[in-house]
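Here is what TrEMBL says about this protein:
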- Asp220: active site, charge relay system (ACT_SITE)
- His251: active site, charge relay system (ACT_SITE)
- Ser417: active site, charge relay system (ACT_SITE)
- 33-44: compositional bias 'Polar residues' (COMPBIAS)
- 58-131: domain 'Membrane-bound transcription factor site-1 protease-like N-terminal' (DOMAIN)
- 212-463: domain 'Peptidase S8/S53' (DOMAIN)
- 491-628: domain 'MBTPS1 third' (DOMAIN)
- 629-900: domain 'MBTPS1 fourth' (DOMAIN)
- 33-55: region 'Disordered' (REGION)
- 1-30: signal peptide (SIGNAL)
Amino acid sequence: MNYPSHLSHPVTFLFLSILLFHFHSPSTNQHNITLIDDQTSPSNGEDRGSHSDGGISQTRYIVRFREYKKAKDHKKMLEKNLKDGGWKWIERNNPAADFPTDFGLVFVEDSVKSQLVEELGKLGFVKDVSTESVYSRNLLFDGRYQGGADYHVYEVQKQPGKMFTSMSQEDDYSNVFSNFTLNWKRKLLLHRSQVTSMFGAEKLWAKGYKGGKVKMAIFDTGIRANHPHFRNIKERTNWTNEDTLNDNLGHGTFVAGVIAGQDTECLGFAPDTEIYAFRVFTDAQVSYTSWFLDAFNYAIATGIDVLNLSIGGPDYLDLPFVEKVWELTANNIIMVSAIGNDGPLYGTLNNPADQSDVIGVGGIDYDDHIASFSSRGMSTWELPHGYGRVKPDIVAYGRDIMGSKISTGCKSLSGTSVASPVVAGVVCLLVSVIPEEDRRVILNPASMKQALVEGAAKLSGPHMFEQGAGRLDLLESYEILKNYQPRASIFPSTLDYTDCPYSWPFCRQPLYARAMPVIFNATILNGMGVTGYVESPPTWHPSDEVGNLLSIHFSYSDVIWPWTGFLSLHMQVKEEGASFSGIIEGNVTIIIYSPSVGGERNPLERGERNSHKKSTCVLQLKLKVIPTPPRWRRVLWDQYHSIKYPPGYIPRDSLDVRNDILDWHGDHPHTNFHVMFNMLRGAGYYVEILGSPLTCFDASRYGTLLMVDLEDEYFPEEREKLREDVLVRGLGLAVFGEWYNVDTMVKMRFFDDNTRSWWTPVTGGANIPAMNELLKPFGIAFGDRILNGDFSIDGEQSHYASGTNIVRFPAGGFVHSFRIQDNSESGATQNVLQGSGMVKMESSILGLVEAGVGRISVYGDSNCLDSSHMVTNCYWLLRKILDFTSRKIKDPVLFSNSVKLASAMEKEETQLPSRRTDVNFSMYSSVVDKELVCRNDAPFEVWGTKGYAFQITGRNRRLPGYVGLDSADGIDSNTIISGFGKRFRKLEEPETPSDGDLGSIKDDGIQGVMVDVSNASFPNLRKMDFLGLLNKDEIDIPILVPAALALTEELTVHECLILVEPFVLGLPPGLCGLG
């Protein structure tokens, strides 16, 4: 049986889940349980990389086991199998201690850390070993003066515990733990409406439904005993290292009030709900992974029905936490979580709300507008090799909501952590609608999400990655749920290119032939059971013959667990549809099976299809198709070489943004570059996404390859192909770099008390050493300055935000330099020596040059394209750059003779930025120690291959004026994709139409043919540098050359010379009619 990669032991999880259901629930009397923990939370100022016990340095690890046992039994197993010392079991005296557990905490001495962790991992009963929290959540930054005036290098101080983004805020309240700079000062409504009445809760109350017999777990800051707003506080538990059960912040009490408050001024949705208050945050808003794991286990063991977590963070790779959430939902706990208060930024979904088995909630105001603070999608788990899912699932009112104060009275808060309990209260109310004896059969995380998203009211204006299914509609969801029969479905159930703006970004750009596959990632919701299986591959059913022009490939979950899976559509228009314009309609169907209760084996393996629950899911498609645009209109965005947090400390691009140092927004045209995407579409360009190596696209189809803020390395084959694509095939290249300075990276470290280690950036804002290798054949390189300042080009004001400088550029190119302050370590040193404030230095930041048949532009900063922390945009500059790289239009200001280089800018190789030697970059890279392969986001014809192959024509091939690239290593000259030669057409210089005639240009490119030059057809070949390619190396394989060079009878001598002139040192006799 094949399980998804994220689920290594599903049967074990499910078996343990069933066992845990048999643990008895606590009595109906209220319980107050507190934890006096022997762990002390390190202070922010701690400067050691590990815990010290009697002078011995130690690190704390979570050891996860394959089976649930009492903690003392796990301890005995470790003592029996670990013969050597150097470790210590950490006792956890909390309410979960009476139940079996699947993990333990241990201290490991740093002197034996590597050996002991490896030994632990080899034990058969150990699932895995990780530090206390693999990734942190909330960062605080303290800018410390390190040099001249206005110069800052930031040593980062991290708040203890897991990193969570900000909790909800009161009016005029600035949360010091906020992860972002946005600060909202709101004027409260003079006449506040009860949020319960906005959804019609009183109509269900009148029917007798008030949340009775529903166990609601609130994971927050606790609640005070005997609070007058609550009639049914069943249990309070404390999981922190503070000796109190009380809520001293007010956040947990407020959340409980929205769910179950009975005060007439701030009514909750389900006042009869049984409240189980889990205090998992300290008064300083700190929590640890182990606290959550124990508390989650206790929630499972005590039979919780609904769980609200009103806060989250970006680290979806904290596997102990993420997998425990899966286990929670597998045990039929409906989890509701806030999508995040990191709006209006895109790509800022918080975990666990971004998980498909969790109901992720965004916020709206009373005018049905998406609240400014509400995080926007898409999910970024799938990047860079796929496409994100639609999140949030739904939105609810989250602006100026009334809830309970700590002791008595009501107050107003705003945030998605307020919208989340609105939905959680509705869920409790809906659960109470179902008779108690039927709940375990009908209600589960999938069926509840189906009722919510299918009943939601779609808002006009916001798109799917802002509102999900739409605004919560309690009464519609009630109608769906009261007659619910277990089934599977797809969310979203429709992709309609004519429904704008809801279907953005899909509705913003039609499909066309010869494009990169367009990926749509839907979620399968399986209300029939915690585990499901796909009967057979999904099927595309076109509504008419036109639909046969569409080719769809699918990827999907082999096992749908827990309750959910994914269905990805990879859509391409077939070649015969290159001239088609119109609408393609149809639907995709997929049949889901779920086993009967008590069996978890795949029913298809047992041939018992008819005895198991079965459901057909339908996804409706309505797609707009246009004729293939001309080459110059098409821009290819390199997503493959982007690395984001997590898995590593990838720093933000602008160092001026001191309180959001992690680069975690996806760096995708549909996340934090969404405004740029819309601008390009408005300008008539078509933007396609490349999530595979540079060998996986056909350069003849694109005017420009756009490379922005890239952090990864490059395969040798990629560097060689890009060189050929630009110089020979006429591809335009536009590069936007970022800062890279090793000294600054070292100073940006922070101590993470969870991992008991120092965190240092694994790269800069961009990977400049890798980028310089890629640009080396063109004589271009970036430096290591960190530049900040304002400048103007042709009256356009721009801001340079922690960008880098250009230090190499070929003669004849056009380079723009400005006096901008240098914030790098070397710049600070110079300022100190001069004994003055920050001195502005002349720095080159923009370069443009014709390279062979192609054109290149480089700019040292991407902040002006990034919507997340932009100071000023440079879309005007991007348009002028694309005019040049795609259409050969030279702006008179950018190409002024005053900035033309008479001689090349040079810098010694040893003076260029170098890679860090203390980082294992393979942990984060898609390139280092990886295989070059085209993935399922590349054109179908190259899936699973190395891409559009080209033959190596010799070592150290050089073109006049360009540095050679040693291509002897790494190129597989035997890999030739069929049809490669057919994919290139004869090159014609692009026309330069007026803005009003953008549609009149034809798509032209270069056609390649294979020419055997190893025989005697060119007798003087070995004496000459044929097109500057051979460089006196012998050749014994065919080479790919432009068709014009082989089919010379079609060209005049003048045309042939124009085509090859940039390269030629000497021509074989007769090549261009010369002889």
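Note that Cβ sites are derived from N, Cα and C of the backbone, with glycine treated the same way.
For the pair His251 (active site, charge relay system) and Ser417 (active site, charge relay system), the Cα-Cα distance reads 9 Å. The CA atom of Ser417 (active site, charge relay system) is located 10 Å away from the CA atom of Asp220 (active site, charge relay system). For the domain 'Membrane-bound transcription factor site-1 protease-like N-terminal' (58-131), the DSSP counts in helix, strand and coil order read 27 helix, 31 strand, 16 coil. The Cβ of Asp220 (active site, charge relay system) lies under 8 Å from the Cβ of Asp247, His251, Gly252, Val255, Ala256, Ala277, Phe278, Arg279, Val280, Phe281, Asn308, Leu309, Ser310, Ile311, each of these being in the same chain and 6 or more residues away along the sequence.
In the structure shown, across all protein chains, Ser417 is the one of the active-site residues His251, Ser417 with the greatest number of other Cβ atoms within 10 Å. As a whole-number mean, the pLDDT of the domain 'MBTPS1 fourth' (629-900) in this prediction is 91.
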